[in-house]
Amino acid sequence: MTNIRKTHPLMKIVNNAFIDLPAPSNISSWWNFGSLLGVCLILQILTGLFLAMHYTSDTTTAFSSVTHICRDVNYGWIIRYMHANGASMFFICLFMHVGRGLYYGSYTFLETWNIGVILLFATMATAFMGYVLPWGQMSFWGATVITNLLSAIPYIGTNLVEWIWGGFSVDKATLTRFFAFHFILPFIIAALAMVHLLFLHETGSNNPTGITSDTDKIPFHPYYTIKDILGALLLILALMLLVLFAPDLLGDPDNYTPANPLNTPPHIKPEWYFLFAYAILRSIPNKLGGVLALVLSILILVLVPTLHTSKQRSMMFRPISQCVFWILVADLLTLTWIGGQPVEHPYIIIGQLASIMYFLLILVLMPVASTIENNLLKW
């Protein structure tokens, strides 16, 4: 008798994706982040669902409802902080996952990579709208500043912003629609993640060498199931350490002040995971230019496969490219730091230099380094 998992229409899909899937024998812990992102997404959907049971998306009661969740709802505080810090863990995993893709040349799987970029945009949109929901000072002003950027679009800008706001400022209508979008987007992300996986399983996973691993495959279960479980346990450990010992470490104190349209906070800044993009936005003195740079800072990932000039796929055996890659990582950390600093000397010039470096590294130095390496190897 054939095993039910190989014959049942539904079980067959699960089997081919998570049990009998042929996987490379040498994939390192950098390949754990895909499954960790899945764990993060499930965790965010579950905690978010329970928060939505008690949250009210009305400007007069939103802030109070979040306070009510933390004070009066059974274990409401832990659900709220798991959701808030879960977003940080989500983005840590996302950045690691994208970094892994860049380093090991996984972007040559074009469909998988492009859907990944769409997933990144969708996750950033979800996180932004979620940050608005508690209706604190930083929620309100963050929403005002970021939505206002769309007014830089020529001709239709102002109308577009007022259409998104549902009025002439960020108000009741804005909060309600942001809640609706924040609720629906994670399910769209889950669907896109399945498509992401579908395209990945068309080609099979890449591996650290970048060389085809068709001659050396092992079954996903039990080897990588146990590895993923270990990764998930470590992720949950890190998350719970954050939640139970330093729940407000990554948050902004200004968000504990209810939203007040008449009082602007001294420093408007987003959550830490958007600071690199925020620094790029601020480094350009022109509004439209800043918005374009902001969008391009993420959209540039779509260009990476076309900029791949190396004869090798992975950076494992390419020391010059490795140097460029780690300089890029350092540059992104610099941008993250600058994004959280006030707009004054010397931060302005550092931000501008780091922004120029960011685009220069990806568009020029990466392909140049690859070409140099090809020539050194006489390829």
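Placement of Cβ uses the backbone N, Cα and C atoms for every residue, glycine included.
Taken verbatim from Swiss-Prot:
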- 33-53: transmembrane segment (TRANSMEM)
- 77-98: transmembrane segment (TRANSMEM)
- HIS83, HIS182: heme b b562 binding site (BINDING)
- HIS97, HIS196: heme b b566 binding site (BINDING)
- 113-133: transmembrane segment (TRANSMEM)
- 178-198: transmembrane segment (TRANSMEM)
- HIS201: ubiquinone binding site (BINDING)
- 226-246: transmembrane segment (TRANSMEM)
- 288-308: transmembrane segment (TRANSMEM)
- 320-340: transmembrane segment (TRANSMEM)
- 347-367: transmembrane segment (TRANSMEM)
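Mapped onto this structure are the features recorded in Swiss-Prot.
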residue: HIS83; record: heme b b562 binding site; DSSP class: helix
residue: HIS97; record: heme b b566 binding site; DSSP class: helix
residue: HIS182; record: heme b b562 binding site; DSSP class: helix
residue: HIS196; record: heme b b566 binding site; DSSP class: helix
residue: HIS201; record: ubiquinone binding site; DSSP class: helix
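Same-chain neighbours of the transmembrane segment (113-133): 55, 57, 62, 66, 87, 90-91, 94, 97-98, 101, 106-107, 139-140, 142-143, 146, 174-175, 178-179, 181-182, 185-186, 188-189, 192-193, 195-196, 199, 270-271, 273-274, 298-299, 301-302, 304-305, counting only residues six or more beyond its ends whose CB sits under 8 Å from a CB of the stretch. When Cβ-Cβ distances below 8 Å are used as the criterion, the transmembrane segment (347-367) is approached by residues 279-280, 282-284, 293, 296-297, 300, 303-304, 307-309, 321, 324-325, 327-328, 331-332, 334-335, 338-339, 341 of the same chain, each at least six residues removed from its ends. Around the Cβ of HIS97 (heme b b566 binding site), the same chain contributes PHE33, GLY34, LEU37, GLY116, each under 8 angstroms and 6 or more positions distant in sequence. HIS83 (heme b b562 binding site) and the residue listed as 'ubiquinone binding site' have their C-alpha atoms 30 Å apart, to the nearest angstrom. Sequence-distant contacts of HIS196 (heme b b566 binding site), defined as residues of its own chain at least six apart whose C-beta falls under 8 angstroms from its C-beta, comprise THR112, ILE115, GLY116, LEU119. HIS201 (ubiquinone binding site) has a Cβ environment of 14 other Cβ atoms inside 10 Å. The two recorded residues HIS201 (ubiquinone binding site) and HIS182 (heme b b562 binding site) have their Cα atoms spaced 29 Å from each other.
Take the CB of HIS182 (heme b b562 binding site) and look out to 10 A: across all protein chains shown you find 21 other CB atoms.
Only residues 6 or more beyond the boundaries of the transmembrane segment (33-53), in the same chain, are considered here, and those with a CB under 8 A from a CB of the stretch are 69, 79-80, 82-83, 86-87, 89-90, 93-94, 96-97, 100, 182-183, 186-187, 189-190, 193, 228, 231-232, 235-236, 239.
For HIS83 (heme b b562 binding site), the number of other Cβ atoms no farther than 10 Å from its own Cβ, over all displayed protein chains, is 21.
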